[in-house]
Amino acid sequence: MKNREYQQIDPQALATPTPTPPPRPLPEHKTKRARRKWEVFPGKNRFYCDGRIIVARQSGVLPLTLGLILLTSGLFFIFDCPFLVKHLTSCIPAIGGVLFVFVIISLLQTSFTDPGILPRATPEEAADIEKQIDNPAASSSSYRPPPRTKEVVINQQVVKLKYCFTCKIFRPPRTSHCSLCDNCVERFDHHCPWVGNCVGKRNYRFFYTFIVSLSFLTAFIFGCVTTHLALRSQEGNGLVFALQASPASALELVVCFFSVWSILGLSGFHTYLVAANLTTNEDIKGSWSGKSGNEDVGNPYSYNSLIKNCCSVLCGPMPPSLIDRRGFVPSDDSVQTSPVEIELPAAKNDINMVGRAVTSGRPPPPPPPVVTLQQPAISIQSHSTA
Amino acid sequence: MISAPRTATDRTKLPYCHESFHNLQELRHSASLANKVFIQRDYTDGTVCKFQTKFPSELDSRIERTLFEDTVKTLNNYYAEAEKIGGQSYLEGCLACLTVYLIFLCIETRYEKVLKKISRYIQEQNEKVYAPRGLLITDPIERGMRVIEISVYEDRGSSGSSSGSSTTSSSGR
């Protein structure tokens, strides 16, 4: 067994130093390095920095967003600030700088943070759910049965939980499956192409900070540039000369003018959502507004207090990432130290039993029966950083 | 983002992991997995993390109802503590907002601290209560906080292969 192997290998370990410092070296059939979970992640996401950064598959217009912000702010600092500092106050670049930093950092955080992705069900979980759903003596048809729903009462409201065929789970309340990212996301708000990521439970506060600070920044730049041009045209001979003297300002003016309305509008809209503890998804579908003809519906998640809603959405505790991107995949052969020979048949039996549930084409980690205990040990061995 | 709240890995760097592992390893050697029981989430209070305390019938012969319910209730209390919205979480949230959330890269949030406590608690429960009865609890965070997975082992020594899909073929080691 593993123990015996361990004792045998120990004295011989001197001859063949293993790369990882294992108290329990992996069995002989480990030929390739242990892979991190992000490498086998089933959703359509891309990972950088060895799993530290996660983005959607299509980066959307994130480069454009970033480019526009950097360009406009850059032109502002280079061409407008010197004039304004001379004529007005040096607070202007300071304020602009702070806003700029807020915008960039919150944009990057929104784009690179896991929005609250729910990992897909393990095969045994999926089988367990299937058992509960399927009635005995059910149809022998091979077509996909109608969507399954489960009802639950939250705050005297009946909420339907839908079954997700891709992730093989009943979606928790407020969770939705994003087709672009192919993941179920908790408290799904929307998939934002401007930031190239979904906006969900974990990164909503970053997104809100981003749009609010961006509205301030845009309005600030717009105001400053207008002031700049006004002062110049007073000094000089009119607006045309002012524009000739500072052509960059014209570009900034155009960009800011066209974006400030939409961004201000978006900020206002999201402020309303925060105050009502709603998501964009729910608002658009009219889940709680009675559009579908239901009387007596109200948002069951709202605390019915403006302050409490705002605080719970923006200042609530930061939930952890559930997908453990940088964890190691318990592979078939190595898995957990212990009696591998005995584990494998068990795993195979489990897989056979849940055969129907295992439909994913990707290689999911097999259902390691002893993962609970082995994982801690393995983590200690092979995890350098989380 | 980068560091974002730590996940399962950090929690497992516990000092007594090795000892408990060896004790529980005994379970491995003498038992084989028969079944897995899943305790689902209870959404009646909204989206807070809470598990159903209904006693599953598969565990009827394996563990006393009160012990099981105690475990689940304690876990629910821990999660409620982690997700509590009160003075401390407001402070944390406001401070984080002022630093553009960069503070999440530096300090451990309250949620992470509670997750560590939960991990320790589950380890302790496994050692003291569940392993002696041939059961093992998986930390819900390993399953995306969707279920509490309880692995049920059959003692290979006694007549295995009762109901369930336990394997009986062992390669003789």
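Just so it is clear, glycine is given a Cβ too, placed from its N, Cα and C backbone atoms.
As written in TrEMBL, here are the features:
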COMPBIAS  A:372-386  compositional bias 'Polar residues'
DOMAIN    A:160-285  domain 'Palmitoyltransferase DHHC'
REGION    A:1-33  region 'Disordered'
REGION    A:360-386  region 'Disordered'
TRANSMEM  A:61-79  transmembrane segment
TRANSMEM  A:85-108  transmembrane segment
TRANSMEM  A:206-231  transmembrane segment
TRANSMEM  A:251-275  transmembrane segment
Folded-back contacts onto the transmembrane segment (A:61-79), same chain, C-beta under 8 angstroms, at least six residues removed: 55, 93, 96-97, 100, 103-104, 107, 111, 193-196, 214, 217, 221, 224-225, 246, 248-249, 251-252, 255-256, 259
Give the nonlocal contacts of the transmembrane segment (A:85-108) in its own chain as ranges (CB under 8 Å, at least six residues past its ends). 65-66, 69-70, 73, 76-77, 195, 206-207, 209-210, 213-214, 216-217, 220-221, 224, 227, 231
Between 0 and 100, where does the mean pLDDT of the domain 'Palmitoyltransferase DHHC' (A:160-285) sit? 90
Using DSSP, what's the helix, strand and coil tally for the domain 'Palmitoyltransferase DHHC' (A:160-285)? 75 helix, 19 strand, 32 coil
